[in-house]
Each structure stands twice: as C-alpha cells, then as structure tokens.
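Peer 1: Got a structure here, written out as structure tokens. Questions coming.
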Amino acid sequence: MPDQLNSRVETCYQQAETFFKRTFKRPMVSFQLRGQKAGVAHLHENLLRFNPQLYKENAEDFLRQTVPHEVAHLIAHQLFGGSIQPHGEEWQLIMRGVYELPPNRCHTYAVKRRSVIRYIYRCPCPDSDFPFTAQRHSMVRKGRRYLCRRCREPLVFSGETRTE
C-alpha cells in the first residue's frame with residue numbers, strides 16, 4: 001500500500017521540479033492519520049500524513065487528487081513562504097498549473113462512523129434506560145454515582161450494552 005502512494009508523492013515532486021525548474025526537499029510520509037481527513041501537510045516539519053483507511057477505500061481517486069493536493073501545500077510553502085493562505089491563489093496555481101487538477105478543498109469520500117458501545121443503566125422508574133458512554137461507565141466502576149432526576153435513586157448497570 002505505501003509503495004504506490006510514495007511513488008505518487010515522488011511523481012508529484014518531479015512534476016513540480018520540471019514546472020518550476022528547481023529542486024524541492026522531499027517530505028517524510030506517514031500513514032498515521034485517522035478520522036475524516038484524507039491527508040494533512042505539516043508545513044514546518046515537511047511531513048505528509050495520510051489516512052490509510054480512506055486510501056484503501058478510495059485508492060484511485062486518492063492517488064489522483066489527494067496526494068497532489070497535499071504535496072501542493074508543501075510546494076507552495078517552499079516557494080512562497082509561510083504567509084500564504086492554505087487554499088489560496090498560490091496553492092491553486094500549483095494544483096491547476098503543475099498537476100492540471102481542480103483545486104478542490106475537500107474530499108467527498110464516504111467516512112464510516114466508528115461504532116460506539118453504550119452501557120445501559122437503569123433506575124426503578126418505568127422505561128428508564130440511560131445509555132452511558134465507556135468513559136462514564138468507567139467512572140461508575142471507580143465509585144462515582146449518578147442519580148435519576150425523577151426518583152433520585154442511583155442508576156445501576158443492567159449488564160446490557162448497545163452498539164450504535
């Protein structure tokens with residue numbers, strides 16, 4: 001997986017060097033990115049971070065659009081300095097002129113939400129399900145008490161969990 005992506009990063013740098021007739025310092029490439037972001041360019045560290053899950057699910061578009069998008073940030077920073085806007089005209093120039101791609105700010109990849117476990121707590125009131133997060137459930141196990149707002153009785157773990 002990283003070989004194709006690293007190769008694409010190198011190709012993007014070679015394109016920029018041909019276009020601008022100068023060399024650029026190569027970045028470190030990391031696959032330590034999770035969540036909704038497909039990629040992040042850390043300008044001062046000369047580091048590119050990519051989301052391996054989104055890459056796996058959208059490899060073709062990722063290589064075509066996301067990699068040049070992030071490389072363009074580093075190229076723009078090396079050419080124009082740190083006072084430019086992240087998706088400003090300098091970055092757009094690189095996207096259009098060097099990579100011949102639309103300067104899209106955001107990806108449209110489907111991002112799966114992480115499933116979350118809820119711990120069901122109850123009190124004597126009818127229909128009294130209280131779904132607790134893992135953090136709140138942990139607090140109860142450490143001795144914290146939560147009371148029902150209606151009956152003022154302590155909420156007790158039912159032994160049930162629910163995945164959302």
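Using N, Cα and C of the backbone, Cβ positions are placed for all residues, glycine too.
Sharing the features that Swiss-Prot gives for it:
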type	residues	note
ACT_SITE	Glu70	active site
BINDING	His69, His73	Zn(2+) binding site
DOMAIN	14-156	domain 'SprT-like'
Peer 1: Take the domain 'SprT-like' (14-156) and count its residues per DSSP category (helix H/G/I, strand E/B, coil), listing them in that order.
Peer 2: 53 helix, 23 strand, 67 coil
Peer 1: If I take every residue in the domain 'SprT-like' (14-156) and average their pLDDT values, what number comes out?
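Peer 2: Value for the domain 'SprT-like' (14-156), mean pLDDT as a whole number: 94.
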Peer 1: Let's check the environment of His73 (Zn(2+) binding site): how many other CB atoms sit within 10 Å of its CB?
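Peer 2: Excluding its own Cβ, His73 (Zn(2+) binding site) sees 24 Cβ atoms within 10 Å.
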